Amino acid sequence: MSPTSIPDVPSTATATQGTPLHKPSSFQHPLDPLTPDEIAEISLVIRHYIAAETKVKAIKFITCYLLPPPKRAVLSSLGIPLTPGGKPEPASTIVRKAEVDILDVVNGGAYNVIAALKGDKWQVETFEPLPEGSQPQISPEELIEAEVIVRENKRVQELAKAVGVEPHQICCDGWAIGYDERFPHSSRVQQGLVFARFSRHDNLYAHPLDFIPVIDTNTRELLHIDFPPHYSPSPNGPVLSVKSTVPLPLEEDTLESCKRERIPPPRKAFDFLPDLMAETEEGGFKPREGLKPLHIVQPEGVSFKVTGHELEWQNWKMHVAFSHREGVVLSTITYNDNGEVRPLIYRLSLAEMVVPYGATEHPHPRKFAFDTGEYGMGTMANELSLGCDCVGSIHYLPGAYIGHNGKAIIIKNVICIHEEDNGVLWKHTDYRPGGRGHTARRRRLVVSMVCTLANYEYIWNYHFYQDGSIEAEVRLTGILQTYVSKQDEPSPFGTTVAPGVNAHYHQHIFSYRIDPMIDGLYNSIVESDVLPLPEPTGSSSNYAGNGFTIHETTLEAETGRNYDWEKERRWRIVNPARKHYSTGKAVGYGIGMKGGITPSMAKDDSWIMKRAGFLKYPFWVVKDVEEYKGGRMWPSGKYMPQTRDTPDDSLPRWVAGRKSVKEEDLLVYLTIGTTHIPRPEDWPVMPVEHLNITLKPQSFFVKNPSMDVPSHQDLRSVPAFGGQNTNTGTASNGSSTNGSSCH
């Protein structure tokens, strides 16, 4: 039985597989993700266990993923030492395990299951109920079901009909409920952001409706319908149609209580598909002309090597894996420094992100999506297109996650690996007469994924450079989340990007998790402030008034730290057990995140800060504590949907323990983001916005490690205009005229 195509899960996936095709008896690397065969077999084993050992009558699977094996066991199996110059620990047996979350579809209860591979058979090791009110992440199937539930509801159909929308035109993006104490923890609640779609592939976000249904995904019931109030202009500024932003009790929260008329959706099309734009654009649509082909060619093939999930390139070696929750996970990253394999990072990934919106009128404050913890980056990932999402000579890795029925849902080309020319790596020219110059071009390795979270797209890139640097980049694009506005309605918390279409102000804030092993597991954090000398101009120690220096502090205990713009604060991860031969400093890697530091706009005691305490600081450090189900992972807790307080398993709770972080096995969490005040130019699809974090060696290498990068002049490069005079004065045809060369 081969994988089958799938009409009932997102278009971003490829196929399903319900029956194991091969016995999952071996794996190449202890961190390899579960295969479709393994997922299919694990689900069958769990079904048999439930039927034989429990009273649970019917289930749906929510998650199924590799339970990370102990860190020391992984490092010993790979021959990676724990200390500088030390020997690896003796290899120990690693038992391959899976962690699975399921829901009882009869009573709504949730269970966590651990299965272990014993020989060539998977066996259930533990079967435990989750604490009451704990909800596993929302599955893609539940998001699709939310639209069906809303569209088929008679009350919703009546409300849509009243503003000119037929039942078949109703579309709904299911969202986690966010924060709303009016609904019980025990219900699996989604809010539906509702739109109209007037043709098959019409941009539905151009036609928002004026109400928000709330449903129970398990029972398929409509629990409530919210009607947001609206604003009217006045000489003293916008006036809300109700007196307060406090949510009313459910029985009082009605269309009448919001004191406004119904608002029909705008009907003007704002399409993004070229064939539809040709039909709907006023004056017609014609693609831009004059853009000539640009090809990226590697005639001798790629410079990287892939063995299973292990990737090697230009002294780098790492493990690349798909995660249903984090998307791309990079592990056991090492650098070959002139024959010495030096460990750098045990695990690097996006651990969480949240998108809080700024409108205060209920129910809009509920809109703060935890796209990683509530939905999963991997489950929402795209199958990538050759020559479009990734250009050049490409290698893809697949991914798989579990469906409600226990089948593996497969995304064939989910992770893209390729090389890019990235400009100049280093250059210098001796300006003196007869002097020579030299240029080396920079190549980088790219590991990437694209995820669609309803209206938004996120492009996740990890870049590796020949100078030993690492960059984690996120690119934001897609369509703004919209709500309907009436004609001439003021918009104090959003931008009217098109008539009747309001895009609320919001933030995108990301938490990256770095599990460092800089020359071994036992690392420390050095915080550096750049300070002007306190002595005044004219003094004996600072006569010219130009002096500045750095003040360094080694962090003692688990903490969150703020950035200080006046002090140009920075952090680096160091290994005090090894010193640089010249500077005398501990070898380390510096963290660059200045351009992405964005303060949360929410109050410290707000709903969002209760659930996303990681927003408070851009830099966090905690000690890793490995337990039976792995180490510390999720900055806002493992089970995110419908939380109302700061979870015990979250960053704010961990740092309260104040464990030592000096020469310990550390975890670093970095918070970056952007505050999005939408523009009309972001409509109907937003141009890409960039955010990044860099990790750069500091007193780690003896010298610039990229001095040995060969420099080759690209003989395929030609003058743009064939060397003809194009009124550019004395410009040459590109040949060197001053002795400068690539080599």
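Glycine is no exception: its Cβ is also placed from the backbone N, Cα and C atoms.
Here is what TrEMBL records for this protein:
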type: DOMAIN; residues: 136-229; note: domain 'Copper amine oxidase N3-terminal'
type: DOMAIN; residues: 294-707; note: domain 'Copper amine oxidase catalytic'
type: ACT_SITE; residues: D371; note: active site, proton acceptor
type: ACT_SITE; residues: Y456; note: active site, schiff-base intermediate with substrate
type: MOD_RES; residues: Y456; note: 2',4',5'-topaquinone
type: COMPBIAS; residues: 722-743; note: compositional bias 'Low complexity'
Active-site residues compared (D371, Y456) - the one with the fewest other Cβ atoms within 10 Å: Y456
Alpha-carbon distance [the residue listed as 'active site, schiff-base intermediate with substrate'; the residue listed as 'active site, proton acceptor'] in Å: 10
Secondary structure content, the domain 'Copper amine oxidase N3-terminal' (136-229) (per DSSP, counts of residues): 28 helix, 27 strand, 39 coil
